[in-house]
Amino acid sequence: MAKAAVTKRHHFMIQKLLILLSYGYTNGLDDAHSLRCNLTIKAPTPADPLWYEAKCLVDEILILHLSNINKTMTSGDPGETANATEVGECLTQPVNDLCQKLRDKVSNTKVDTHKTNGYPHLQVTMIYPQSQGQTPSATWEFNISDSYFFTFYTENMSWRSANDESGVIMNKWNDDGDLVQRLKYFIPECRQKIDEFLKQSKEKPRSTSRSPSITQLTSTSPLPPPSHSTSKKGFISVGLIFISLLFAFAFAM
């Protein structure tokens, strides 16, 4: 019993450190403007017919708020309304189609009933940094019921999971060619409009934000990609957290 408890605590600590590791990586990209879409898929109820909700933002500007019930598009600056509306309109159909696909996918995914209660709750985060003329690459982070975590990188069409249990589900999703294609071409469909809006945002200063707490990072931060250009700041963060991982493993022995 005691050994099992120590092992569980050890795994929990390693998971948190891995999440911080990914934040150290992405923190090095803070100077780049990016598009972020947050998708939520859940089971509808008679009292709440909402089964999906999507929000897409460029930095702090909400450009699309979409659900199976209604749609709104907003811009924080009247001067950006036209461009924000164009991006939002372009993303509307891909977002709607993808959420429908994800709903079907998660409903057919077998999960440990001890970890989930009823219909699995899916959270997806897509991050697309300004491409600057390069091949557009996006990161897709998947969180099923705060228990299964994996990430897809369109840059090299690779997947990474947080643990073996997540890997089982991840491999099945990877075998779904239609899903993979939707993830791959989500950005290219609207790339020109998105890049133009990101370029416009680049000319304006960004507001700084504090580093998120460990609880905020749990369900939204990706694992670091297998290969990617990273700034010096990102490398320093990764190095420090890697040392922490070594200490964690040493204490667990």
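Residue 1 is the first one shown; counting continues down the chain.
Placement of Cβ uses the backbone N, Cα and C atoms for every residue, glycine included.
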C37, C190 - which one Swiss-Prot pairs with C90 by disulfide:
C190
Counting other CB atoms within 10 A of each CB, which of the disulfide-bonded residues C37, C56, C90 comes out lowest?
C90
Set of same-chain residues at least 6 away whose C-beta sits under 8 angstroms from C190 (disulfide bond):
V87, C90, L91, P94
